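Enquirer: Before we start, here is the structure in question, set down as structure tokens.
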Protein chains: 2
Amino acid sequence: MTTNLSVNGNRLWDTLMVSAGIGTGPRGGLRRLTLTEPDRVMRDQLKAWAAEGGYPLTIDGLGNMVLRRDGLEPDLPPVVIGSHLDTQWAGGRFDGILGVLAGLEVLRTLDDLGIATRRSIEVVNWTNEEGARFSPPMLCSLAWSGQATPDWVENRRDRDGIRFGDALDGIGYRGPEPVGGRTIDAYFELHIEQGPALDRAGVPVGIVTGGYPSCGMRIAVEGATAHTGPTPMSERHNALVGAAMVAVAVNDIGWAHADTDAKATAARLDLVPNLPGTLSEYAELFIDMRAPKLETLETMKASLRAALPDCAARSLTQISIAEEWGFGVFSFDDGLIGLLRETADRLGVPTMDLRSQAGHDAYHVARVAPACMIFTPCRDGITHNEAEDIALEPTLPGVNLLLHAALARANR
Amino acid sequence: MTTNLSVNGNRLWDTLMVSAGIGTGPRGGLRRLTLTEPDRVMRDQLKAWAAEGGYPLTIDGLGNMVLRRDGLEPDLPPVVIGSHLDTQWAGGRFDGILGVLAGLEVLRTLDDLGIATRRSIEVVNWTNEEGARFSPPMLCSLAWSGQATPDWVENRRDRDGIRFGDALDGIGYRGPEPVGGRTIDAYFELHIEQGPALDRAGVPVGIVTGGYPSCGMRIAVEGATAHTGPTPMSERHNALVGAAMVAVAVNDIGWAHADTDAKATAARLDLVPNLPGTLSEYAELFIDMRAPKLETLETMKASLRAALPDCAARSLTQISIAEEWGFGVFSFDDGLIGLLRETADRLGVPTMDLRSQAGHDAYHVARVAPACMIFTPCRDGITHNEAEDIALEPTLPGVNLLLHAALARANR
């Protein structure tokens with residue numbers, strides 16, 4: 001097998017910089033929320049690149065976009081490389097984007113060198129990975145993998161009450177293909193690490209063995225409106241105060257387990273009516289907790305459950321867990337992880353094993369197909385921030401690992 | 001002097017119930033935010049009542065509406081009775097409204113009985129008393145009393161970015177009269193107590209001697225966006241957590257002084273970007289604190305100032321007081337308070353002295369003219385809540401006190 005085969009780094013960087021110009025944020029990152037106008041422009045660009053490369057493009061009923069480079073035996077289940085082109089509200093230029101455009105670069109490299117593969121290779125751009133507009137994140141790989149119906153997805157609403165289905169139609173990216181239900185041979189997702197481990201260790205590649213056991217909760221706090229002035233302290237039922245107590249408790253729980261690299265976050269708080277002069281009658285707090293070990297996460301969840309009645313009693317409100325979800329408790333495919341290790345060895349690329357602390361579409365795909373992930377370094381681990389940055393040089397070993405591993409799998 | 005003169009309670013109640021049908025809230029109270037369509041309809045109703053009574057109506061450049069019943073010597077400074085017809089988002093049917101409509105009832109009663117007064121009597125409806133749409137509350141009596149310019153008021157923006165001036169034009173209630181700059185003889189404001197003291201004591205009238213020393217603050221918390229997953233606890237700068245710690249500290253300070261009847265409130269919290277998956281980079285918390293004694297308030301403010309660095313250190317954010325304002329440190333006019341006491345004695349109406357814990361337009365008017373307030377009972381002290389309620393019978397002694405005191409002053 002060859003080892004001197006490599007992607008065109010400059011071309012990859014150029015495509016990344018074209019993307020970085022679409023939906024640029026106020027501080028030089030990206031604000032390209034899913035199914036908005038910048039997302040449409042970026043999708044049009046991907047479509048143009050597909051046409052330019054001669055890669056047939058298909059789009060399913062949730063806007064998931066698939067570019068395909070046909071193999072010699074096109075009826076065989078394909079090898080799929082994917083990630084997402086949507087970003088956070090204060091997003092970086094590489095989170096997700098690198099994975100899609102590295103996949104495009106793999107197709108282009110194979111074309112440059114006239115390499116035919118036995119299986120077809122596809123590149124997918126998943127809709128609404130970030131969850132910054134429609135909740136939950138990884139929404140369309142969830143449906144693709146059969147864990148939610150397209151109908152349920154279409155009826156999710158953003159903060160302004162806009163339906164996912166209407167937003168999808170609004171940018172013209174509802175396609176005719178069915179959502180999921182396909183057999184694929186393997187799924188590769190390359191992603192920036194979104195943590196500091198690779199950058200600090202000076203190692204270019206992380207082989208992702210699985211996720212961090214994680215949970216999310218929507219916590220509801222019920223109070224009552226009243227005047228902020230005359231109402232005695234003992235007759236106040238201020239939902240804002242109840243939610244603030246829970247937010248502090250969540251943060252304390254994160255710190256209590258920080259030595260295990262666990263985290264707990266109070267991420268979003270919605271208040272009604274949220275006006276000066278009036279106590280809040282309702283609050284919704286979105287939290288998440290993550291830990292390397294499931295037993296740590298379970299301890300954290302138990303601590304939170306124990307804290308809620310205390311917060312309710314001190315704030316004279318009613319507090320309940322309105323919704324709860326979990327993810328990250330799984331491992332990626334042993335065969336693919338083995339392939340990544342062997343390929344990296346052959347290429348002389350140093351690697352380290354990592355578990356992913358962020359959610360990824362690969363988590364959902366792993367439910368129905370062999371899947372794996374490659375992490376590349378991310379400066380100081382900064383992400384979900386416009387200052388997110390990478391350098392090309394330490395990124396290329398990961399992209400070349402993707403090229404070689406996908407090629408090997410496509411010729412299987 | 002007469003004592004058997006009294007208002008028409010049923011007519012007053014009927015006007016209150018007409019008002020209660022304009023901008024009715026989902027739970028039977030009122031949601032009649034200033035300069036919205038329901039406010040316009042209510043203003044049109046007041047205009048119709050003015051026309052029906054033959055009371056010339058003038059409107060100033062900020063939408064403050066004045067009905068006038070001319071006196072025998074119309075060039076003398078008038079006696080003014082006022083309050084507001086706007087409500088909170090979850091407002092009651094009587095907060096402010098009773099004061100304006102009681103004033104109207106005074107004019108009508110004088111007409112019924114053919115009583116001419118030496119001075120003219122005016123009834124004013126102040127724009128944006130509540131502050132539920134434009135900050136600060138009591139905005140247009142602030143300008144009327146020369147403490148802010150009409151230009152500054154016009155450029156205040158609501159949460160959707162709409163300018164006060166544009167909203168005023170939108171409902172067609174910008175009038176030609178100058179804002180303030182007039183000499184008035186006396187200002188009376190009748191208002192529900194918004195606290196439980198009168199209701200619990202079974203006393204129909206509170207004579208308001210002054211306000212509670214009060215302060216408001218806008219507290220800014222600066223953090224940084226980052227991923228809620230991989231970012232280590234020690235590298236998080238979550239503005240939501242910093243603001244939550246301040247909200248809890250404010251509430252604790254309120255409880256620490258609750259035995260003095262002091263209060264501290266975290267009332268409104270705005271977060272950026274407030275999305276799941278991302279730490280917040282910015283938070284603004286609106287708080288207020290009130291105490292019967294200025295020295296207690298100063299102690300509370302000192303406690304809060306001392307707590308902020310601790311909240312900042314624990315949340316790894318920057319916390320500062322972005323804006324601070326105070327009100328309530330004043331006393332109403334001794335002459336008018338004396339008049340209220342004497343009149344109540346003459347009418348045999350039991351009274352108790354109270355300090356107001358809520359802000360009122362009378363506070364601002366008191367800066368430039370003799371002013372006083374009459375409180376009437378409010379069931380269980382519930383207010384800024386759609387369940388706010390009063391009964392007519394215990395309200396009438398206060399309205400009759402207003403009639404007699406205003407009449408006495410108008411004949412002075």
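These residue numbers are counts, starting from 1, taken along the chain as shown.
Glycine residues also receive a Cβ, built from the backbone N, Cα and C atoms like all the rest.
Note: TrEMBL annotation is automatic and uncurated.
Straight from TrEMBL, here's the annotation block:
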type    : residues              : note
BINDING : A:H84, A:D95, A:H191  : Zn(2+) 1 binding site
BINDING : A:D95, A:E130, A:H384 : Zn(2+) 2 binding site
Enquirer: Quick test of understanding: given the binding-site residues A:H84, A:E130, A:H191, A:H384, name the ones whose C-beta is under 8 angstroms from chain B.
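Expert: The binding-site residues close to chain B are A:E130, A:H384.
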Enquirer: Which residues, same chain and not among A:H84, A:D95, A:H191, have a CB within 8 angstroms of the centroid of the CB atoms at the recorded Zn(2+) 1 site?
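Expert: Neighbours found: A:S83, A:F94, A:G96, A:I97, A:L98, A:G99, A:E129, A:I192, A:H360.
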Enquirer: Quick check: in three-state DSSP terms, what is A:H191 (Zn(2+) 1 binding site)?
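Expert: In three-state terms, A:H191 (Zn(2+) 1 binding site) counts as strand.
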Enquirer: May I ask for the distance between A:E130 (Zn(2+) 2 binding site) and A:H191 (Zn(2+) 1 binding site), taken between their Cα atoms and rounded to an integer number of Å?
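Expert: A:E130 (Zn(2+) 2 binding site) to A:H191 (Zn(2+) 1 binding site), Cα-Cα distance: 13 Å.
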Enquirer: Do any residues at least six apart in sequence from A:D95 (Zn(2+) 1 binding site), in the same chain, have a Cβ closer than 8 Å to its Cβ, and if so which, in order?
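Expert: Same-chain residues close to A:D95 (Zn(2+) 1 binding site) (Cβ under 8 Å, separated by 6 or more) are A:T87, A:Q88, A:H191, A:I192, A:Q194, A:T383, A:H384, A:E388.
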